[in-house]
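Novice: Handing you this structure, nothing more for now.
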C-alpha cells in the first residue's frame, strides 16, 4: 500500500487572501491610514530629504467627482508616492477653486440674485458655505481613490489667507507694470452678465447668416482714380464686405482693406437701374461675383489696398455716418471679399486698427458699443431704416437688419453657414466681443509676452508637443481680461481717481494694507472699508474698484498663495493637469509667474488626455456611456481604477469600458497571485536567520535577483519619466514570463521537496524574499491599497508602511565573471525553448503526457558541451524534464532531441529515475527523495 508523503513536502502556506475583495478591504485600510495620520507620518519620515513638489491644480468646488477628476488625482498620487520611494520629501497639498459663477448660480437658484432676498454680504456668505459643502463631498471621494495628501489642511481659494495672498500677488503684478485699464473688446457672456477670459471659451458648431453687404462710395470718381480709371456718371461704386454677424453693423465705423492685397474694380450686379462696380480682392473676385449672380468677370482696373486708404464710404443704413477705408494687418484674401467691416466695440483687430486711425475719439461709447450686458441694443441706438433696434436683443434683431439691407439694395448675397463659434464654457451659449471698461494684464506693455515665451523654453513638457502648443497660444493671445462684474470673488483692491481714472500712486502699498485686513476678516472688509481709513483727506478724490478677479487669476497665483506661503519654494517641480490646461491653468500660472518673478512657476508640465469610451466617443449622459469612478470603486475597488489609469497611454485620449475594466481586473489578479505565491513559499522564512548571501545562492536564484535588479532600474527610470504604462507592462511581463513561466515553475521542486532548512531551499526563499521586497515597492505607487496589505505579510522586521522606505537595495547585478553569468543564462533559456518545441509534438501524439516523461539529449559544439557538461545532472530541473545528456558535436548549432523515458516515476517528486525502489523502506521513492526525507538531503548548485 502506498505511503502518503504529502507531510514531507514544504507546500506553500500564507494567510494573504487569494481574492482581493477590494471594495470591502480598502475602506478598512483607509480608516487605518486616517487613524495613523499617514500623510504627516510620511512627511516626518522624509524630513531632511530633498523636496519634490507636485503642485495641485485646484478642481472647481461644485458637484461629485467624475472620471476625469479620478484620472488626474490618481496620476498625481502615483507620482508623489514614487518620489517618496526615490528618496524625496514629496508634500502634496490638495486644493480647491472656490470663487466664480457656477457657485453664484447655485446660490441664486436657492436664494435669488443679490438684492432679492440677500444683500451682497449675505450672498457671499452663502457662496462660501456652498463651496465648503462641495469641498467636503469631493474630499471623501478623492480620499477613497487612495490619494494621500494633506486633506486636513488643503488650500482653498476662499480661505482668508489665500484671498489676502491673491491681493498681494496682484500688487506685485501692479508694481511690475503689467496692469492696464481700458474699454477693449472682450468675450462677453449674456448669461453670465460678465466678461470672460480666453480660458473660459469653448468652440462649438453654430449656424450664422453669412451676408455680403455693399458699402457705397461717397465719391465714385475718387475710387476710380485709385484704380487709374474714370467712372462713368451712370455707374455706382461700392466696397462689399462679408460678415457672419449682421448684428454688429449698427456698430460699423469703418471698412478695412489689406494694404498689400491686390484689388480689382469688377462689374457687379445692377442697382436701382444703374451699373455698379465693386471693389474686390483679386483672389476672391470670381467666387464673390458668383455669389452675386454675376457669371462673367469683367474687370475695369487693379490697385493695391494701400491706394484706397482714407477713401470714404456710406454706411448701408446710417446714411449720415461716414465710413473711412482703413488699412489693417488682419485682413486676408483667403475668404469673403477682402474687405472687413470694422466695429471696434466688437472685435479685437477692429479695435486695434480703429485706435490707430483715431476713430475711438470721433465716436461716443454708445456708437462704439451699442449693446448692453444683456445683449440688448441701447436706447441711443438709431433705427435701421424703419426697424427700431433700441430695446431689441441682438440675436432677434439680426433677421430684421438683413431685411433692411435687402430692401435698400445693399444686400448682395445671403446664405446660412455652419462654423466654429466661441461659446461660454458654463452656459454653452454663444458669446460676443463687447468693449467694456475692464482691467487687463497687458501682454506687451512690460514685455510679458516675450518673457513668457522665453520662460516656456526653460520648462520640461510631457508630452513634448505641449511646448509648441502653449507657445502658439501665448504668442497669439490678447491681453488677459482679469476683471469680472460679479459678486463672489476676490476684489480688485484698487482706488481710482474720480476724474482721471488713474490708480492711486501708492496702490502697491495700499493693496498690502488691504490684504492684511482681508487676511483677518475676509473679502467683505473691502466693501465695508471707508476709503478715508487708508487715504485720509484724499478719499474724496478716489473711488473703490468694485470688480472682482477672474477665477483663473485665483488659481493662477497659487504659486504665491500656496508654494511660497507654505514654504515649499518656487518653482514647483511639476504641474500635472488635463490637456485643456495649456490654455487654462498652465497658462494663467505661467503669465502670473513671469509677471511676478520673471520665471515660470514650474519646472515641468505634464498633461493627460480626456476619457472616452471604447469607440473613442466622449463620455456623456445622453450617450449613456459614462462610467462613474464611485461605481468602479464600489464594484471592483480603487486599485483596479488606479491600475487602469496607470496602464493607459495618458498622453492621448484614455479609453474605458466594462471590457477594459475586466481586462485590468484580470491583470490585477495576475499581480496578486504572483505576490501570493511568493508569500506562500516564504512560510517559515526569517530573513534574520535564513537569508543567504547573494554569492552563495544557487545560480538560478542569483540570476533571478539579477533580473529583478534590471527590472527595478527600468521601473525607476519609468517612474522618473512619468511613464506609468511602461511600468505596468514591465510588471506583468516579469510576473508572466520571468516568474510564472520560468522561475516559479522551476523552483517548485526545490522548494517543495528539499529539506526545510537546506541551503538549496533557503536560497530560493532568499531570492523570493528579495523579489517580494522589491515587488511591493514597485507596485506601491499604483496599487496603493494592495501594496499596504502585502507589506503586512512580508517576513522580517520592517517599517510601518512601505512608503517609509526607498527603492529596495537588496538587489544587485550578476557579475560578468560569475560561474553562470547573464549571457550563459540567455543561452540556456534559448535551449529550454528548443526543448519545449521538441516536446510539443510528442505530447500531441501521446508519446508523453508531461515533460517529466521525456529524456533529453543536447548536442552542441565541443566548447559549449564542455561548459554545459557540469550542469547536466541539474539541467532536468531547469527543463522540468527527465534525464538530460549533453554531447559534443561537430557543429556550432545546438540540437535537441527527446525520447520517452522507461524509468519509474517517484510518487513524491514525480521525476522518472533509475533508482526508484532502490530503498526497501521507501520502494516508491527515488534516491534523491529518500535522502531529502531521511538523510542529509541533496545539494543544488545550478538550478
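In case you wondered, yes, glycine gets a Cβ from its N, Cα and C as well.
What you are looking at is a predicted structure, and each value in this text was computed from that prediction instead of being measured.
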Novice: Looking at 37-47, 48-58, 59-69, 70-80, I want to know which stretch Swiss-Prot calls motif ''HIGH' region'.
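Specialist: Feature motif ''HIGH' region' in Swiss-Prot: residues 59-69.
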Novice: With Swiss-Prot as the source, identify the stretch among 613-617, 618-622, 623-627 annotated motif ''KMSKS' region'.
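Specialist: Per Swiss-Prot, the stretch marked motif ''KMSKS' region' is 618-622.
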Novice: How many Å separate the Cα atoms of residue 909 (Zn(2+) binding site) and residue 577 (L-isoleucyl-5'-AMP binding site)?
Specialist: 56
Novice: Can you give me the residues near the recorded Zn(2+) site, meaning same chain, not 906, 909, 926, 929 themselves, Cβ no more than 8 Å from the center of the site's Cβ atoms?
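Specialist: In sequence order, the nearby non-listed residues are 753, 907, 908, 910, 911, 913, 916, 925, 927, 928, 930.
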Novice: Measuring Cα to Cα, tell me the gap between residue 577 (L-isoleucyl-5'-AMP binding site) and residue 929 (Zn(2+) binding site) in whole angstrom.
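Specialist: With the alpha carbons as reference points, the distance is 61 Å.
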Novice: Please compute the mean pLDDT of the model over the motif ''KMSKS' region' (618-622).
Specialist: 74
Novice: Which of these binding-site residues has the least crowded Cβ, counting other Cβ atoms within 10 Å: 906, 909, 926, 929?
Specialist: 909
Novice: So, three-state DSSP: helix, strand or coil for residue 577 (L-isoleucyl-5'-AMP binding site)?
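Specialist: SS state of residue 577 (L-isoleucyl-5'-AMP binding site) = strand.
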Novice: Over the span of the motif ''HIGH' region' (59-69), count residues by DSSP class, listing helix, strand and coil in order.
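Specialist: Tallied per class, the motif ''HIGH' region' (59-69) gives 3 helix, 1 strand, 7 coil.
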